[in-house]
Amino acid sequence: MYVAGVMSGTSLDGIDVALVHIEGSGVGSKVELIHFTTVPFRNDIKNEIQQVLSIKNSNVQLICSLNFKLGLCFAKAVKEVCKEANFSLEQLDLIGSHGQTIYHQPKPEGNMISSTLQIGEPAVIAYETNTTVISNFRTMDMAAGGQGAPLVPYSEIILYRHPTKNRLLQNIGGIGNVTVIPSQKSDQNVIAFDTGPGNMIIDEVCQRLFQLPYDQNGEIAEQGEVVDEILTYCMNHSFLKMNPPKSTGREQFGEEFVSQLLKRYEKHSKENILTTVTMFTASSIVHHYKEFILPYYEIDEVILGGGGSYNDTLVEMIRYGLKDEKCTIFIQEDIGYSSEAKEAIAFAILANETYHRNPSNVPSATGAMQSVVLGNITFPPIR
């Protein structure tokens, strides 16, 4: 099958689309990336997303409208990846659309219940592309008692499981998440969970203090010094003390967190603040390895992916934090995979599994009571 995986993450960089060819289904699937592209959001769309992400500024009218606007954006992005690949849209069998997360509350307080909301109307995508769409991947896992995240472990088992080596896959997107993939000869379980902020705080600080969308290659963070009192404040966040499985998002490490941090430590230089929040991402990752993984698994390789793997300063901080461990650290490109395309490929794989009615959550990662088939299916009109 030819499948387009569509991902719009917490970092709001744009719409990632991976065009892949998948043979078969299940853990024996063969997956080939044909083409990958990122379609940036128009400024007005990005501003509307940022508005609905804010509890203070959001409103139901805007969410309703944006749901359909994003459906059109996602459909346009699918057409773009096909155009760039010289691939006929009519040949496309399936689209897996993650959608844009508006709110995710796996462990809410008060009278709220565990829930999640992604928008980007699948009916609009199906109509515009004349292709079947799989969407809303997180909801069934949450209905089964899971946290709805992380969902990439199933695809990582297919793509990265090694005959003899135990691997850690660390994704560094807006949020960081890790998957432990034991070797094929091991009888240990796959586990996965969010490690805290990835690029989210770094990017927000860059935008506010330097008027830049992100710290390219970590060049600014390389110039500053870590401020111990800021790092201690960050590392005392309650999320780091929780046991896995667990997930997090903009609700805990978004604009409000950054506003409080900058107000509290405004006396420090902006370079030192950026260096310190970069170290926070690295330290939160290393903390979770040493606390929850390395005492129980003998890890041979750590593979870093996602946009954060292009931040050289962040990568070096992670290497330094793991310098006393026996594992070898790679970037995904070192082993022949694209860091940028990882999550889009994952949702293409999950769409293929749903199409074949195969469960594709990993209960040991999400905390769900059972394996379930993920997502909703939206068929195109008959023409």
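Including glycine, each Cβ sits where the backbone N, Cα and C put it.
As recorded in Swiss-Prot:
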type	residues	note
BINDING	GLY9, THR10, SER11, LEU12, ASP13, GLY14, ILE15, ASP16	ATP binding site
THR10 (ATP binding site), Cβ-centred 10 Å count of other Cβ atoms over all protein chains shown, is 22
By the 10 Å Cβ-neighbour count, the most surrounded of the binding-site residues LEU12, ILE15 is ILE15
Cβ contacts within 10 Å for ASP16 (ATP binding site), all chains included, total 26
Taking the centre of the Cβ atoms of GLY9, THR10, SER11, LEU12, ASP13, GLY14, ILE15, ASP16 as the ATP site, the remaining residues of that chain with Cβ inside 8 Å are MET7, SER8, THR38, PHE41, GLY173, GLY174
Given the binding-site residues SER11, GLY14, the candidate whose Cβ has the fewest other Cβ atoms within 10 Å is GLY14
Same-chain residues at least 6 positions away from GLY9 (ATP binding site) with a Cβ under 8 Å from its Cβ, in sequence order, are ASP16, THR101, GLY173, GLY174, GLU343
Around the Cβ of ASP13 (ATP binding site), other Cβ atoms found within 10 Å total 20
